[in-house]
Structure formats: structure tokens, C-alpha cells
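S.K.: Please see the structure below; I have some questions.
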């Protein structure tokens, strides 16, 4: 894998304020010395996501995800460790130098960089054609007819794909681009007879960008009506672009979505652009009508509400139903705008103005009212059989709503509107909830299924406490480092001692959160997960870390002795055990009894670090020398 030095990682983490970083993605509020937010990684109504500025660390008490700034960006953006470090480094203006790379990772990184460069240059090429090419005059006229001028085209870097593939291929050849790169990018296709041709021909080209603003794909809008081709053609999935994960204009809309506390979801890219140009900057669009579960999860990071503004035709209505299902599963409150027949947001604003469209949005309906009104307009509520079918469909959608209180309130409202019994509708919801999702299955993607994160490494809670003390206090770490023989004995009976020994050897600086987080980032993921989920990891450091380490190590030593004693008793019960071994085990059992009797009563703890009042303070574990010498005797 790409190798970034630990020093560079520490430098990036030291320059990154985790509160500033996270607040650029989601709203956060101060809560004492920490900050709180609704977790962006799972659905919740009460904030359980905590950010500790002093440790530069986040932790969710709901889904248990935790980590530093790099972990946050990796999880949220679905990035590799290296890409997350690069992103943060770019954010704070630090140049990242990498050491030797794994050949496969190097190929993938090089390909990704080449594709990004190609898309960036292609976007500029298409844009220059739109602005200057005589052959694009009809494209410029089309934009004018939609109320868009040169300024809008420049703001969005809208372009024009030529009708003749030769124009594009000549440009690519002049740029030194190879055919394989053009095919891998999705911009060109291979002819069966040989040669290449441009995928997008005589279309308005809208660059599709990722959250960083990089062009990763294109959406081409038809300029001349052609029933053989769709209104929009999108890039195919590539190493850069997964359609089910990308929302058009989200890179521009994130801030406004946070401010408005809602997203305005349009059906087409032109509609989203028109909304932004009219000042409705919380508008986004899917790439086609297929709004996916990944889209909903991505949107949930920024808001708990969405307003659907799809076309009024049957395709638009079907798309809005599917979008509702996915959004509802993620706990978003969904409303819908009733667009007049034959209108979309762009055409409506051209005819009636921005204020009239804003008024439509203000009058948006709860999605179930929108759905029932549509059924009523189609005459479905006049026939008992059709009304029952509408009720069944409402029940299946209602089963997607995870909030039971909201679901019950909606159920009573729907029952009233459909003039059906609430108990019967409730039973229909219950039955629907037991069935597979009513949403159509996703088309298989070329991308592999996400790999499940490995479970945390086993970590005894006493050893976990010692790890936290070693990471939080240099004096406790140094004292524990002197107990290496005792720790070696503990490793036979308590899980996680190897993690503690790694900390004692690595010696990260407890005064530097960047050093701590960089050190943790270099551990195997199971060990990282074990430490980050250890409760004492997020607790305040005790006043006397060394005393706490001594007491905790004494507890651990006592437990190890008890487990060894239990092991001996099991062995002594074996009928074929040789006499010599029996005598040796009996002698060892006697030694263990003496050691245990020399200890105070085992600690019963009220907190993670200190002893409870039920146990008198004790300095140190059982005498390490006695513990070792009696084993040898």
C-alpha cells in the first residue's frame, strides 16, 4: 500500500482541528468541554455522537464508531487511509511525500489520478466548445431558451459534446491520451469494426463532481428530440464513478442543506442547476430517477428532511415513490411538491418566475398526502377495490418509517383520508414489515461488495485500562515499561497484553493527540477497534496515573493467579496424571494461595481507573520478584 511516513501523518493530524473538520460536514453543538451531534453513520433522534477537542477524537455511543480526523473522513467519504490523509493534507496545506508503494495499489492510484486528469481536461474542452465553437451555436441558443446565459455556463462549467466523434478524438490525440484511457473513462466506446467513437454526441455536458469538487463523470442532456435515445445519458461506472453513490450538485449544496435543514431533490440536472441559479442552493438531483439506498445514506449525513420535486408524469411519480422508500428507511421526513402537469422546476420558473416556484415548495405536502391526492386525481378512491389497493401501497410505504411514534401518527391520518379502519391498516403495515423491501432490487454493480470490518481484537478490561493509562500518561507508561516480566506472565491468562506491549514499545507522546492518533492508525485494524471501543479510552485521566496503573496491574495479576489456580485444579483432576507432575502442581497451587492471601480483597470498581471505596488503596502488583521466583522454584 502507499506508504506515508508517521511523521507526516502526525503533522497532518496536528494541523487539523477535528471540531472544525466535522462541523464542515454536519451541525455540531457544544456540550460542556465536548461537542455533540447527530451521528452521521447511523439513524438517531438524540445526539450520541461526541467530539473531544482535547483528544482530537470522536466517538458515537450508539453505533460505537470512533476515531480521529482520518478515521472520520475515511468512514464518511469511503476513502482509503492514504487518500484520507491526502485530503486532510490538502485541506491544511501540507505536502504529502510517499515512500515505496505496493505495485497493485500504485497501479490503482495512478489510474485514478489519470482518470481525474482526463475528466478535468475533457470538461474544459467541452466547455470551451460550448462557449466558442460555431458548431455549438444551437446549444447556446438552447441554453438561452431555458433562461441561462454565459455566466451560468461558466459557473457550472457546462459544455457541449460535438456531434462528430472526430473532433473529440483529435483533441484526445493531441493531448497524448490513449484509446484505453478513453474507454476506461467511459467517454469513448470501441467499435466492433475497430476504432473509437464518442459516447456523448451533440449533448449539453454537465460535469458530475465528487464531494471534493473533482469531475468524476458527465451527464449529457439531449439537445434534439430523439426517441431512440434518453433525455440524459450518464457516464458508465468507472474506478471514479459509482452512480448509486453520487448526487448531482451535492458538492455545492451541502452548506445550504445544513442551513435549510432540508434537501430539495430534483429529477434532472437542469432542474437542480435552475434552482441554484434562482437562489435555491439546497437543490440536488439523482442521475436518473433511480434514487438509491446509498443516496439516502449519504444525504442523511447532512439533514433529516427532504422535499421531492419530481416531474408530474408517471415516470416522475414512480421515481418519487422509490425515493420516498429509501429516504424513509433512513429516518428522513419526506415532503413532495405537486408540479403542474407537463412542468418541471426549470420550465415552471421560466413561465411563472422564481417566487411562484418558491410558493410551490412552501405548499409541499407530506408525502402520503401527495400520494393519496394523486390516487384521488386518478379516480382510484371512488372504487372500493382500487381504494383498498391504495391503502395496501400506503401500508407498505409506512412500514419503511422506522420511528414508531411518527408511523402511528401517519397511520391514523392515512386511515382517515382513505376512510378505512386504523386497526386493519395497522395489521397491513405489520404484514408489510415482515416482507422483503418493496423497492426494486439494485442492478448489480461492477464494484465488489463492501468488506465487513474485522471485529475488535480481544482485550481484557484491565489490560484495556492499562493501555489507556499508557497512552494518556508518560509516567504511567514508563512505570508499566519496567513491569515487563509481570506483563509477560499476564499474557498467558489475559487477552490484549500484546497491544499494551506495542504501546510501551512505540512510546507515542501522550501530550500530542496527533502522535497518539498517528500511532493508533498504524496498528492493525482489530487492535485499533479494540482500543477505540475501550470505555476508559474516552475517560478523563486520573489524578495519579501511576497509582491507578499499580492498582489495575495488581488486579490483573490476581486474576491471572486465579485463572492459573483453576487450571491447576483441572489438571489435578486428571486420573492419568503422573505423580511427579501432581506434586509440582500441588506445590505451585500452594504458592498461588500464599500470593493471593497476601493481596487485599479483589477490587470492585465504580469507575474505569480508580479503586472503589470497598478496597483499600494498594501500591503495586504482587511483588514481581516473588511472582517470578516462586514460579521457578
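Positions of Cβ are set from backbone N, Cα and C atoms, glycine also.
Features from TrEMBL:
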ZN_FING   39-63  zinc finger
DOMAIN    261-342  domain 'Toprim'
REGION    429-459  region 'Disordered'
REGION    510-544  region 'Disordered'
REGION    600-633  region 'Disordered'
COMPBIAS  620-633  compositional bias 'Basic and acidic residues'
S.K.: When the pLDDT values for the domain 'Toprim' (261-342) are averaged, what is the result?
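M.R.: It averages 90.
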S.K.: Six or more residues beyond either end and a Cβ under 8 Å away: which residues meet both conditions relative to the zinc finger (39-63)?
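M.R.: Contacts of the zinc finger (39-63) (Cβ under 8 Å, skipping residues fewer than 6 from its ends): 13, 16-19, 22, 25-26, 28-29, 31, 33, 69, 71-72, 75-76, 300-301, 330-331, 402-403, 513-514, 516-517, 532, 538.
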S.K.: Kindly report the helix/strand/coil residue split of the region 'Disordered' (510-544) according to DSSP, in that order.
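M.R.: Summed over the region 'Disordered' (510-544), the classes give 21 helix, 0 strand, 14 coil.
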